[in-house]
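A short write-up of the structure that comes next.
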Amino acid sequence: MSQYGKITCTGKYIPKKQVTNDALSQFMDTSDEWINSRTGIRSRHVVTDENTSDLCTKAALNLLEKSKLTPETIDFIIVATITPDYQMPSVACQVQAGIKAINAFAFDISAACSGFVYALSIGEKMIRSGYNKGIIIGGETLSKTLDWDDRSTAVLFGDGAAGVVLEANETQHILAESLHSDGSRGGSLTSGFIQNNSPFYEKKEEQSNWLEMNGRAIFDFAMSDVAKDIREVLDKSEHDVDYFLLHQANIRMIDKMARKLKLPREKFLTSMEKYGNTSAASIPILLDEAVEAGTLTLGTQQRVMLTGFGGGLTWGTMLLTL
Ligand code: ACO
């Protein structure tokens, strides 16, 4: 008999330190008015003594506590992140050790702000191939990639981790998905350049390893490619969508996306006000917030669309029933 993946639990971990726009304006030439009017962000959380693996492990422990699953029943762990503690071991292997999921295989994927949608897609295929239980997490400490002297990027991002338990069941819950990449436009959003320092390498010009972006190009990319993708998935599907959970980069993007697609704005959930842009963590944080608030309830067949977009460039849309 065929089996499919179903989200059976959501969870998260947000680092304690909250940094408001006013707090940023104490040491940066910015203001709550500038940040809030252009982005919808009012505050973000930033790690003080934790790294991505700590956030993801605590999110995974939250998932185990809520789902009442024991760690040894987990078959796989996938973490979507662009801010791992190390290149190796992966964050997912650190989570596996931290929660004692001794029977799980674990790996990270790198697809920036589309990472959670990509990881959920991979996880669902794992379930279809016979595994029974997986943990999928998006987790980031973007604060360590930012040039804190650059007000044009430092105000936009935040840290956090969130995820889901994916379990086998007989009903297909992911109704449609559409994943894309365009590496030729990757220069619009970069971070974490790793310098080659071998004695044989001929050094070229210095390259920054801070997060850098062309904000206008990213905005235009979202309004063209991402909007087109959402429209195509909607048109191909016979289903109405109850809620849209888009990557939380900027409220003006969400407002414009709703207008462009001629969809009711109230169907678009947001949480960037509290958390800023948390890249791969933004969609699962939003999902868990909506479940905690009672807007979404697992097991009710509500239909939600998850859409990630960002560095790579990457983008992806998934239509699923809860
Ligand atoms: N506080 C005060 N002033 C600022 C700040 C700040 N934090 N940042 C920039 N400014 C100034 C600039 O120096 C500039 O001043 P100038 O005109 O004197 O040179 C002015 O504000 C306008 O700067 P722009 O960069 O043109 O600001 P814009 O209005 O385009 O807003 C923003 C920037 C919000 C990032 C916009 O480009 C945008 O919405 N981009 C969408 C992409 C996005 O949000 N990306 C996030 C990450 S990507 C992702 O997750 C997929």
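Cβ coordinates are placed from backbone N, Cα and C, and glycine is handled just like the others.
A quick note: this is a predicted structure, and the numbers were derived from the prediction, not measured.
Of all ranges given (123-127, 248-252, 258-262, 278-282), TrEMBL attaches the label region 'ACP-binding' to 248-252. Across the domain 'Beta-ketoacyl-[acyl-carrier-protein] synthase III C-terminal' (238-321), mean pLDDT in this model comes to 96. The secondary structure of His247 (active site), as reduced to three states from DSSP, is coil rather than helix or strand.
Taken residue by residue, the domain 'Beta-ketoacyl-[acyl-carrier-protein] synthase III N-terminal' (107-183) breaks down under DSSP into 26 helix, 32 strand, 19 coil.
Listed active-site residues: His247, Asn277. The one with the lowest count of other Cβ atoms within 10 Å of its Cβ is Asn277.
Counting only same-chain residues six or more apart in sequence, the Cβ atoms lying under 8 angstroms from the Cβ of Cys113 (active site) belong to His247, Ala249, Asn277, Ser279, Ala280, Ser282, Gly308, Phe309, Gly310, Gly311, Thr314.
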